[in-house]
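Engineer: Okay, here's the structure, questions in a sec.
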Protein chains: 2
Amino acid sequence: MTDAADRQAIDETHDARRTSWVPGADGHPDFPVQNLPYGIFSPQDGAARAGVAIGDQILDLAAVAAMLPPDVVPACGGNRLNALFALPRALRVTLRRRLSDLLSDEQYRAAVEPALHPADDCELHLPAMIGDYTDFYVGIHHATNVGTLFRPDNPLLPNYKHVPIGYHGRASSIRPSGVPVVRPVGQHKAPDAAEPAFGPSQRLDYELELGVWIGAGNALGTTIPIASAADHIAGFCLLNDWSARDFQAWEYQPLGPFLAKNFQTTISPWVVTAEALAPFRCAQPARPAGDPRPLPYLWDEVDQAGGALALELEVSLLTGAMRAAGLAPHRLSRGPASNMYWTVAQMVAHHASGGCNLNPGDLLGTGTISAPDREGFGSLLEITRGGSDPVALPNGETRRFVEDGDEILLSARARKDGYAQIGFGSCRAVVLPAVGG
Amino acid sequence: MTDAADRQAIDETHDARRTSWVPGADGHPDFPVQNLPYGIFSPQDGAARAGVAIGDQILDLAAVAAMLPPDVVPACGGNRLNALFALPRALRVTLRRRLSDLLSDEQYRAAVEPALHPADDCELHLPAMIGDYTDFYVGIHHATNVGTLFRPDNPLLPNYKHVPIGYHGRASSIRPSGVPVVRPVGQHKAPDAAEPAFGPSQRLDYELELGVWIGAGNALGTTIPIASAADHIAGFCLLNDWSARDFQAWEYQPLGPFLAKNFQTTISPWVVTAEALAPFRCAQPARPAGDPRPLPYLWDEVDQAGGALALELEVSLLTGAMRAAGLAPHRLSRGPASNMYWTVAQMVAHHASGGCNLNPGDLLGTGTISAPDREGFGSLLEITRGGSDPVALPNGETRRFVEDGDEILLSARARKDGYAQIGFGSCRAVVLPAVGG
């Protein structure tokens, strides 16, 4: 398939006039027929398998294999999406186009409808075997806000505008939306304490991030040029990088966060594909005058012109008392995903620039995405200024950090005139008391 | 099996009078019948499989499955040792005892000898699917030496003697001994340069470490108490944490090393089991007077009395010119593994203390193990004082850092009166020029 045909196939699947015969799909806030995210689900009493979200239903991919392009069928089997992520972009586009037709055109309804499962009856799993997880730090307002708290004289370090700062995270403790988070215990030392202590975190926080699923990888010792980096991105999810701020402050020097971040990471289980987000790409915000021009291996005009994502991100909180009173979650923040100093293509190109091999199913986090103003801060550390300025909730409660029984909910929606809105689905987890705490 | 029977079975397999019918095994510097490390190998034109090193031969485990304890046979199949690592300690001891008998007693020779392959004809692979790799920093003399270079006024940070400092590393780029390392390219900025540059590392270094293979893991949200941490350790290897010092200095703040360390990590492919090393456990060196007593979750009298390893570690260098002249590698350093401030049990207990789940086949690095004196420094950064004091080699060459064509060789040997010496085998890799460099 040529690039031009690729683009046309993507455009047709985005046509806002395209409707689905699946009841409730048209106008669904997250999963109209224009989205078609992939995931791994198990129906009641059934084995885990690959599926596509459509409205409030899930299409079982293996059950419609006979109607899919033969080249993609092997990648749609099994209980992990790694092989699907690794498909060449042209095949991913072909599969998307076919799924769009199957779910739009009434002529396929009789054959396809038996392969649908109500999402409410299904369990969702991690979409892929995550070989390695890397977390970046590209939210410049977050970096500035946190830097101000930890290093008032020197909030943004000299390397920030030259290097997409990142570090390796823990893959084993990544869990899908809905799995509760047990409050971690650990070492912490208050600045005025004589000795460290060990106990449940007193400064448990969330971090609002996007996750990036790697598609085709690169061999060890080779690189991924910035101009082709976008081809290595299979899709996106929401990511909550749970953080124990008290542990972090005590342990992070000189080698970075460790136990403060590895007790659990929550992701949304649906993989919103790069193809689904194609209409919502936008120009990377212009660098402020005086900012350095990135080195050539990080600079690509096409990426600058369309490598950012027009997504609106939100964080909400539902406390135990709010839940008991039947109240709705309270929005803590809202802001655009464009508050990233580096694009995801720059993250990928930088990661592989020294020869490190990326693999299909690797996960990258963007780092916390904050807006410049408090209404768009992506963590409680920033919203409450390190706990000194509590948030007042509508029911009279206040929060400095996350308390037991609190549920944190992240959401992402893409909107653009002339296009159907698409979303990322649920990324939520409730905090349970520490074991023995 | 009772603990007492366990210990007896381990002791008998260590009897220095025990000999093997395998020619060359008795007195082998690494692999006499008292060692019996596991690995994954492929014979010429054969598939990868599990094996045991004995002298200069490799025993194919699957080929002698009929003679092994039935409970362990499933874990000995396949091309990864993860299931073998996960076996309960009692079964690991039973397997070791049986293998020791099979390779010692002449009555088994006719049946077992056909399952031997000359090691020189075999390829060795990574022994396990490494889910997550974590690198610690427990070599206190290394931490002090490096701290002095980076922070002369504050070499050892206040948390060092309270927290076993660690951080997550890259699993995908770990390779077995023998795989060449391509010199990485990357961003670096000399302190006196106005802007960063991008190119081949000018300060490529090795780091001498031990690797620790995790056996039985823990579930997310649970911990591994210090008293049982040793039961979660399947074995050990050598680990060279290749490091680009110029990239590291520029990128590591505030979140730790990233591209400076993830381009490749070399490990020795044989897993020297915790059971094989049992006679070589020794007391953890006493903490200097005035050092803080660790928090209770890190403190166990049994671990302090026998949780350290009496191993002698060495690093050697073979330059391209030395190789061409037929010279032997030149030893750069030698020192004991007991220069670790924290034991491996403390590393494991700390890692899981916040609920992070470890899995069979996870790999921990100790961090660079340096002795207090220059003869025992575990990296060129320390030996050459950041490149300012070059090493003179016997053939007239000098080295500040690792050059193209250089091969770095690590070794570890356990010796104790009354016991046969055992070793870790080869951990070596040659450095190739940067791509396009």
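Each residue, glycine too, has its Cβ placed from N, Cα and C.
What TrEMBL records for this protein is below:
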ACT_SITE  B:H142  active site, proton acceptor
BINDING   B:D135, B:E207, B:E209, B:D241  Ca(2+) binding site
BINDING   B:Y137, B:R151, B:Q248, B:Y252, B:T368  substrate binding site
BINDING   B:D241, B:K261, B:T265  Mg(2+) binding site
COMPBIAS  B:1-18  compositional bias 'Basic and acidic residues'
DOMAIN    B:34-127  domain 'Fumarylacetoacetase N-terminal'
DOMAIN    B:141-431  domain 'Fumarylacetoacetase-like C-terminal'
Engineer: Quick test of understanding: given the recorded positions B:H142, B:E207, B:K261, B:T265, B:T368, name the ones whose C-beta is under 8 angstroms from chain A.
Structural biologist: none
Engineer: Who are the chain neighbours of the compositional bias 'Basic and acidic residues' (B:1-18) in space, where the CB to CB distance is under 8 Å and they lie at least 6 residues beyond its ends?
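Structural biologist: Apart from its flanks, the compositional bias 'Basic and acidic residues' (B:1-18) reaches 33-34, 36, 89-90, 93-94, 96-97, 100, 104, 275-276, 278-279, 418-420.
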Engineer: Checking the binding-site residues B:Y137, B:R151, B:Q248, B:Y252, B:T368, which are within 10 Å of B:E207 (Ca(2+) binding site) at the Cα level?
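Structural biologist: Cα filter at 10 Å returns B:T368.
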Engineer: Nearest to B:T265 (Mg(2+) binding site) by Cα distance: which of the recorded positions B:H142, B:E209, B:D241, B:Y252, B:T368 is it?
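Structural biologist: Closest recorded candidate to B:T265 (Mg(2+) binding site) by Cα: B:D241.
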Engineer: Using DSSP, break the domain 'Fumarylacetoacetase N-terminal' (B:34-127) down into helix, strand and coil residues and give each count.
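Structural biologist: Within the domain 'Fumarylacetoacetase N-terminal' (B:34-127) the tally stands at 46 helix, 21 strand, 27 coil.
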Engineer: Could you state the CA-to-CA distance between B:K261 (Mg(2+) binding site) and B:D241 (Ca(2+) binding site) to the nearest Å?
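Structural biologist: Rounded to a whole number, the Cα-Cα distance is 7 Å.
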Engineer: Closest to B:D241 (Ca(2+) binding site): which of the binding-site residues B:Y137, B:R151, B:Q248, B:T368, going by Cα position?
Structural biologist: B:T368
Engineer: What is the three-state DSSP composition of the compositional bias 'Basic and acidic residues' (B:1-18), stated as helix, strand and coil residue counts?
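Structural biologist: Across the compositional bias 'Basic and acidic residues' (B:1-18), the residues distribute as 12 helix, 1 strand, 5 coil.
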Engineer: List the Cα distance (Å, whole number) between B:Y137 (substrate binding site) and B:E209 (Ca(2+) binding site).
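Structural biologist: About 10 Å separates the two Cα atoms.
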Engineer: Find the average pLDDT over the domain 'Fumarylacetoacetase-like C-terminal' (B:141-431) in the predicted model and report it.
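Structural biologist: That region's mean pLDDT is 96.
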Engineer: Can you tell me the CA-to-CA distance separating B:T368 (substrate binding site) and B:E209 (Ca(2+) binding site), as a whole number of Å?
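Structural biologist: Approximately 5 Å lies between the Cα of B:T368 (substrate binding site) and that of B:E209 (Ca(2+) binding site).
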Engineer: For the recorded Ca(2+) site formed by B:D135, B:E207, B:E209, B:D241, name the remaining residues of the chain with Cβ within 8 Å of the site's Cβ center, in chain order.
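Structural biologist: Residues close to the Ca(2+) site, other than B:D135, B:E207, B:E209, B:D241: B:L208, B:L239, B:N240, B:S243, B:K261, B:T265, B:G365, B:T366, B:G367, B:T368.
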Engineer: Restricting to the chain of B:D135 (Ca(2+) binding site) and a gap of 6 or more, list residues whose Cβ falls under 8 Å of its Cβ, or answer none.
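Structural biologist: Within the chain, B:D135 (Ca(2+) binding site) has Cβ neighbours under 8 Å at B:G166, B:Y167, B:H168, B:G169, B:E209, B:D241, B:K261, B:L364, B:G365, B:G367.
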